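First comes the structure, then the notes that go with it.
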Amino acid sequence: MNDPDQTKLTTGCIAAVLPAAGSGQRFGRDRNKLFATLCGKPIWFHAASRLAARPEVGRIVMAISEQDEADFRGPFAELVNELRIELVRGGDQRSDSVRAGLDAVAEDPSIEMIAIHDAARPLVRDADLAAVFAKAAETGAAILAAPITATLKRALGDGNASLTVDRSELYSALTPQVFRVDVLRRAYDRHRGRPATDDAQLVERIGHPVALVHGSADNIKITHPEDLRIAEAILAR
Ligand SMILES: Nc1ccn([C@@H]2O[C@H](COP(=O)(O)OP(=O)(O)OP(=O)(O)O)[C@@H](O)[C@H]2O)c(=O)n1
Ligand SMILES: C[C@](O)(CO)[C@H](O)COP(=O)(O)O
């Protein structure tokens, strides 16, 4: 565990970037899945408010789609203002949305690190946020990750055969993914659109190590409709 005195983070030194511009295809609704209500509030609000509650977070930038802009500046405006969220236009890929958030904060001298957190992950724990922030302050790059607990199989050919994969060194990447500004800036300056499903992959590509911080498995991403029911059950505990 980190020595709490070793990585003292100053108040407001982190900018949170929440990509929220996806189309939610796997969720199967005609509106952004992030608008679905979880215990009375939209999913995106739960995610943003958990970041906003941390003293290290000085700015929150959320990347939204053009088609969702009217919702965020209309019915959701009060919630957006409550958390002092800055809205930027996201893009076709998740990395385009993150880049828009990075561009909005990278020149701010008060910001030392950027925490990228899926707006689709409403249940991230405060203790996990503190731990990944501290590790990123120490190393320049750290992500929450959950050890794999299931037995993993690799499908062979048409799926009628499979092989077991050694899971001992495997983790499921979560968010936030937290980086020193210069590290993330270099990673995105080198990014020319080669597919990447998370930001850590872009940082790996510039040769910067990314530390893994054990994250709670209940930091789920709302992807399919059943994930919303799981999240409701977790909050109801
Ligand atoms: N072009 C994109 C794609 C995704 N995201 C965001 O990245 C997070 C994780 O993406 P995912 O869960 O895959 O959301 P969607 O892309 O909307 O889902 P789907 O793949 O089912 O369409 C979400 O908060 C989503 O809004 C984004 O900001 N911009
Ligand atoms: C960033 C992420 O949540 C880490 O697991 C994941 O890669 C997002 O993938 P998605 O396909 O954009 O949901």
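Every residue, even glycine, has its Cβ placed from backbone N, Cα and C.
Residues or ranges marked as site 'Transition state stabilizer' in TrEMBL: Arg26 (among others). Around Arg26 (site 'Transition state stabilizer'), taking its Cβ as the centre, 12 other Cβ atoms fall within 10 Å, counting all chains.
Look at TrEMBL and you will find Lys33 (among others) tagged as site 'Transition state stabilizer'. DSSP assigns Lys33 (site 'Transition state stabilizer') to a helical segment in the three-state reduction. Within the same chain, residues at least 6 positions away in sequence whose Cβ sits under 8 Å from that of Lys33 (site 'Transition state stabilizer') are Gly22, Gly24, Phe27, Ile43, Ala120, Ile222.
Taken from TrEMBL, the feature site 'Positions MEP for the nucleophilic attack' applies to Arg167 (among others). Under a cutoff of 8 A between CB atoms, and with a sequence separation of 6+ in the same chain, the neighbours of Arg167 (site 'Positions MEP for the nucleophilic attack') are Ile148, Ala150, Thr151, Leu152.
For Lys221 (site 'Positions MEP for the nucleophilic attack'), the number of other Cβ atoms no farther than 10 Å from its own Cβ, over all displayed protein chains, is 17. Among the features that TrEMBL reports, site 'Positions MEP for the nucleophilic attack' is placed at Lys221 (among others).
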Listed recorded sites with Cβ under 6 Å from ligand 2, out of Arg26, Lys33, Arg167, Lys221: Lys221
